[in-house]
Each structure stands twice: as C-alpha cells, then as structure tokens.
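K.L.:
Handing you this structure, nothing more for now.
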Amino acid sequence: MDRLLVLVRHGQSEWNLKNLFTGWKDPDLTEKGVEEARRAGRALKARGLAFDVAFTSVLTRAQHTLSLILEELGQTDLEIVRDEALNERDYGDLTGLNKDDARARWGEEQVHVWRRSFDVPPPGGESLKDTAARVLPYFRAAIRPRIEANDRVLVAAHGNSLRALIMELEGMSGEEIVKRELATGVPIVYRLDAAGKVVEHEVLSA
Ligand SMILES: O=C(O)[C@H](O)COP(=O)(O)O
C-alpha cells in the first residue's frame with residue numbers, strides 16, 4: 001500500500017506581501033494567505049485525504065497555515081510536531097530588506113545567487129545547502145519513521161526548507177532544486193512505496 005506525504009508552503013505572509021526577506025522573522029499570514037491555506041485544506045479534503053500526524057516549523061506563518069488546513073479537514077485534534085529544523089532558511093543580513101532595494105544595491109545577479117544558488121549563503125545567513133543540513137537529518141530521524149509506520153504525514157513549512165525535502169524525495173541535484181519555485185499554499189502530494197521511494201507526486205492546482 002502506498003504511503004502518503006503531503007508538503008505545503010505557508011500561505012502568503014505579511015512580509016511576502018511587502019516583498020521583504022523574511023527568513024526566521026515571524027510575520028503572520030495576510031488575508032490572502034489565510035484564504036490560500038483554507039483553499040489548500042479544501043483541495044486535500046476534496047481528494048479524500050486525511051492525516052495521522054503533521055509537522056511544522058516554529059514560525060507563525062507555517063503553524064497558522066497548518067491550523068487552517070486542519071480546520072478545513074475537520075482534523076483540529078491531529079498530533080502536531082513543531083521543530084525549528086523546518087524553519088525557512090535564515091536570510092542573515094538581508095532579513096527585513098526589500099528584495100527590490102537589495103537588487104538595486106547589490107545587483108540582480110548577486111541577489112539571484114543569494115536567493116537561488118545551492119551553496120552560496122547570503123551575508124550572515126544560510127545557503128540552501130546549510131538549510132538542507134538541518135532539514136534532512138530531521139526528516140530522516142523524525143518524519144521518515146512515521147511514514148514507514150504507515151502514518152499519513154502532512155508537513156507545513158517554507159519555500160527553502162521544503163526545497164531541501166523535495167531535493168531528497170525526488171533525487172534532485174543542488175543545481176536542479178534551485179530552479180523549483182513553490183507557490184504559497186499549494187499542496188504537493190507524494191505517494192511512496194514500502195521502501196520510502198516516491199512512486200508519484202502531484203502539485204494540487206493553485
Ligand atoms: O524568507 C523569505 O524571504 C521568503 O519566505 C522566501 O524567500 P525566497 O523565495 O527569496 O527564498
């Protein structure tokens with residue numbers, strides 16, 4: 001029997017709307033982000049999906065997204081595990097800066113490298129490689145065992161912490177994963193075999 005793992009990036013946050021580098025800062029969802037999260041829950045329910053456990057970060061935008069999804073699923077009593085290992089990448093000195101201002105100051109190419117290279121960190125922050133170095137051990141130690149126990153798992157997290165997971169799940173290289181954009185509030189449904197190998201995955205339409 002296939003095992004179920006669903007990943008979902010948080011809905012739009014107040015700092016996403018303001019186009020600010022967010023990282024470990026802790027803004028909440030915008031009204032649009034709340035609606036995106038509810039829509040995700042409805043899409044999962046429409047496919048008859050339900051969960052045995054959920055994992056999320058220690059940041060409000062991901063936890064609020066998860067609670068809204070669970071409300072739509074009628075699973076508000078679900079076991080939830082919160083861990084900073086699933087936090088967004090730390091944007092270091094860029095945190096709080098406007099992304100367009102950063103481009104004007106350092107140039108388009110430099111900001112693109114900081115945002116979408118695999119192993120070049122922003123000043124004082126984490127690269128995607130650094131982020132994966134905390135996300136993947138946590139996934140292998142805490143999440144994969146629940147999948148192997150046939151628990152249906154939901155993970156509500158962030159663009160870069162989820163890229164780290166997707167890289168492992170889909171066997172992608174660092175160069176490949178940085179091209180993958182994750183829309184806010186759009187679930188990705190994975191089916192895995194008994195050995196934990198992905199047999200199919202579907203991005204539920206936004
Ligand atoms: O932390 C942030 O700024 C965003 O949530 C993700 O930003 P990015 O898409 O530039 O990595």
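Quick reminder: no glycine exception, Cβ is built from N, Cα and C everywhere.
Where the annotation comes from TrEMBL, it is an automatic prediction and has not been curated.
Taken from TrEMBL, the feature substrate binding site covers 9-16, 22-23, Arg61, 88-91, Lys99, 115-116, 159-160. According to TrEMBL, the feature active site, tele-phosphohistidine intermediate maps to His10. What TrEMBL records for Glu88 is active site, proton donor/acceptor. The site 'Transition state stabilizer' annotation in TrEMBL covers His158.
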K.L.:
Round to the nearest Å and give the CA-to-CA distance linking the residue listed as 'active site, proton donor/acceptor' with Arg9 (substrate binding site).
P.N.:
10
K.L.:
Just the recorded positions from Arg9, His10, Gln12 whose C-beta lies under 6 Å from any atom of ligand 1, please, or none if there are none.
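P.N.:
If the test is a Cβ under 6 Å from any atom of ligand 1, the answer is none.
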K.L.:
Given the recorded positions Arg9, His10, and counting only Cβ atoms in the protein chains shown, which has the most within 10 Å of its Cβ?
P.N.:
His10
K.L.:
Between Gln12 (substrate binding site) and His158 (site 'Transition state stabilizer'), how many Å separate their Cα atoms?
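P.N.:
Distance (Cα to Cα, whole Å): 11 Å.
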K.L.:
Arg9 (substrate binding site) to His158 (site 'Transition state stabilizer'): how many Å between their Cα atoms?
P.N.:
5
K.L.:
Which secondary structure state does DSSP assign to Lys99 (substrate binding site), in the simple three-class scheme?
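P.N.:
The residue in question, Lys99 (substrate binding site), is helix (DSSP, three-state).
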K.L.:
Using DSSP with the three-state reduction, classify Arg9 (substrate binding site) as helix, strand or coil.
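P.N.:
Looking at the DSSP assignment, Arg9 (substrate binding site) belongs to a strand.
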K.L.:
Other than its own, how many Cβ atoms are within 10 Å of the Cβ belonging to Glu88 (active site, proton donor/acceptor)?
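P.N.:
For Glu88 (active site, proton donor/acceptor), the 10 Å Cβ neighbour count is 25.
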